[in-house]
Amino acid sequence: MTSDTATGARVLVVDDAATVRLYHTTLLGGAGFAVNEAANGLEAVEAALGTDFDLFVVDVNMPKMNGYACVEALRSDTVGSDAPVVMISTEDRPGDADRAYQAGANLYLVKPVAGDRLVRVATMLTAGKDDVA
Amino acid sequence: MNPLLAQFLAEANDLLAQVDEGLLQLERDPGDPELVNEVFRAAHTFKGSSGLFDFPELTRLTHAAEDLLDAVRGGRLALDSGMTDDLLASFDLIRGWLAHVTTHERLPSGAGSDAAGLITRLRAPLGGEAAPSAPSAAGPAVLVDTAPDWLAYLDAEWLTETAGWLSTTGSTLRFLWYTPDTDCFFRAEDPLHLIRQLPALDRLSVVQPGTWPAVQEYDEYTCMLSFLVVTRASLGELNHLFRYVTDQIEIVELDADAITRHLSGEPPLRAEEVMTVAVTPVIDTEMAADARSVLHAAHRALTMDGVVTEGTRIRSVRHAVAAAARSLGVPVDLGAAGPAELLTAIDLLAGEAAPAPVAIAPVPAAPPRAEERVESRADDPGGQVGTRVLKVDQEKVDRLMELVGELNVAKNGLTFLAASAEEEFGSRALSRRIKDQYAGLHRIAEELQSAVMDVRMLPLSVAFSRFPRLVRDLSRRLGKNIELVTEGGDTMADKDVIEALGDPLVHLVRNSLDHGIETPDERSLRGKSHTARLTLTAVADGDAVIVEVSDDGRGVDPDRVKHKAYEKGLISEEELETLSDVDAVDLVFRPGFSTADQVSDLSGRGVGMDAVRASVEKLGGAVTMRSKLGQGTSTRLRLPLSMAVTQVMVVSVAGQRFGIPVDLVVETVKVPAGGMGRVLHQDVVMMRGEVVPVIDLARALDMPWSLPETADRPILVVSVNGQRVGLLVEQFHREVDVILKPMEGLLAYADEFSGTALLGDGLVLLVLNMKEVLGLAARVA
């Protein structure tokens, strides 16, 4: 994959709300990303075990396995992903972002995220991925 | 409708049902943390999705509900029934809104005012304060570098905290300064009211004039206050709210940097800094803002206590920092930089943007890409993860069902072909081969049909689901204690049956609550437990499903029913004497009968059980009631599992064929002409010691036809409402499976027919509604 375009980068959208998933996948898919979906943390981890994603967009509040646990699992030895993780949540109290970073997320955004912003961030985070080992 | 909204509406339905059910369970078991969590999560998910649309009232109301639930979840509040009422009312209102959204794609016009009261009530237990967090509708807003001087009216400690938090979350805050005109009161402007309507209010500061005028000069009709508001409401919302006073307000959006600069008393961005940003290529300011957010996040991740800074984590931070640097137009080579080096790089990037690429790592070693890629897993095309349940538009399934019906008709055509092969062309062998072919096709068609019908099957719990709420609300209004028990909710039936079952069931349950079940005082007087029991049961019984509504209430008094029926002229004096208790109870199904002495607003309006019987019979079912005085009543509905396919017996009269539902058919007999009897004006036939009235179907349908005097009489015996009646017909034919289509247009008023069906030979069969036909016969006689 060329490093100066986001087209084709693989993104996993993790959210229990089907509407939010559709919103995110439509936006990212429209921008040229190859988007997969997962409805909770557990599904996300399973998906990450099978596919090397270039970016994760993860919700916080989910059944079965919440976003924090999910990101921790992604960063664990089992999955071992160092791809950027953007957490998107409705929780925007001070401290929530820190929990996300503690888990291993690289950016914390508050819902709803404007469409152009999500695409911009995703493009930014996936464009540089091949520069660093 | 746009697909996102359609998805939202579909999902909302499920979520709201979850919330409702959870709330009701919670009321019974308020201490269950798992339940609270479930309800909260459903409400939370709903709110999150609603924020994607321009439904500010919806988001605000859900948000208030969510905050209340959050407080309950956190143990800060105990859920009482008042709160449950408010929550249920809120979600009811929301459900109404969504129905409006479904057709109009926007909220109803009165949504704001409808919600206002509920929001206040929901917030009351929380101390009435606005929520600390509310989603901002992501709208365009002007990011301002310079903090306006009025920011000084906010206390520094709060600003510090806010700046720190803004830098890590990527949230945006809007600061609004509102100085009403001094004579605003004379123009019917109410500044306080405006401020009160402000959504997602984070901070409010009411600023007094520096010096108040001397008492003798002070005019209380002059507004001298200013308002400083910090909110997360979108710019659009703010502009709308303040649309009449646009000249009196100032809105700015500040980022963490601007606030920090304001706090440190520094002047705004120096000219050269602005230059640097301007010089750097291919950057738009928004991209730069996002890059800064990423850098802040990385910084925080590296400096926070208890964060692992090795392995995948540090690598991902490196990715993020490199990506941010790149989009800032300052690509950096981070090599294998450790936490300290990364922090230096971040400081450099965030501070003065370096003009040249920054080399951080001492060893720009070849990135160990190959190694990593060896470990990487092969891309899995089947890695698509998602739900395995397919949600299908109902119309598609209905279409499939129709096609199956047409296939059945086409299939039946083969039997006619076989018959004509033998009769017209004299080829018995061909006829047999067609029949073989038919048998194979028949088997597949049957399997296909049951497969499609299976898709349409829903558990009875769908029909039961509304009752916990209904029983709860009604029993509170009536002051009765009622425990609702549902059994067999997993019994499956066709969705049409389930849907059609709704109204009759509501009727029966309301009747039980209203008339059947006694007040707690009355119950204890009779030595019954205070809490009455209402049971909804469903069991499968062959091709039918039996649904029973039973209560342990006062039961039906057969004598009272008889007298009432007599008073209303429904039964004769003779019947009043002779009617058995069982038959007496059955009188409640007679049209125009109502046992309620007063018409209550719950059930009794004169149209009671007869409506239930009519609608159940329309479904091809039957309803019976058993009751023991003082011990309770049980009403049993027997319904076909599926209404899609009906078995009818074909008979002909005057050369025309008619269908009669096989369910009703008891037997077919041929009675010699002399075997017929006559009682009064009624033809009868003796069958196994029972006198069965015989009706001439041709006469009832007003068709000119009569049998030769001496011919045997073909009589079809049917059972309608438990009564046996013989139908005199011309000839019996086969039984066939048909898809019944209701009568349409002008014919819809022809009550004697319950529908039409297409036969395999292309003939349209009229299917008789036996109850109506018997009524006709009675009138003709």
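Cβ atoms are placed via backbone N, Cα and C, with glycine included.
Curation plays no part in TrEMBL annotations; they are all automatic predictions.
Here's what TrEMBL has on this protein:
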DOMAIN    B:1-101  domain 'HPt'
DOMAIN    B:398-643  domain 'Histidine kinase'
DOMAIN    B:645-779  domain 'CheW-like'
MOD_RES   B:HIS44  phosphohistidine
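Annotation for the residue listed as 'phosphohistidine': spatial neighbours B:GLU66, criterion Cβ-Cβ under 8 Å with sequence separation of six or more. With DSSP states grouped into helix (H, G, I), strand (E, B) and coil, the domain 'HPt' (B:1-101) comes out at 83 helix, 0 strand, 18 coil. Averaged across the domain 'Histidine kinase' (B:398-643), the predicted model reaches a pLDDT of 83. Here the domain 'CheW-like' (B:645-779) is broken down by DSSP into helix, strand and coil counts: 25 helix, 74 strand, 36 coil.
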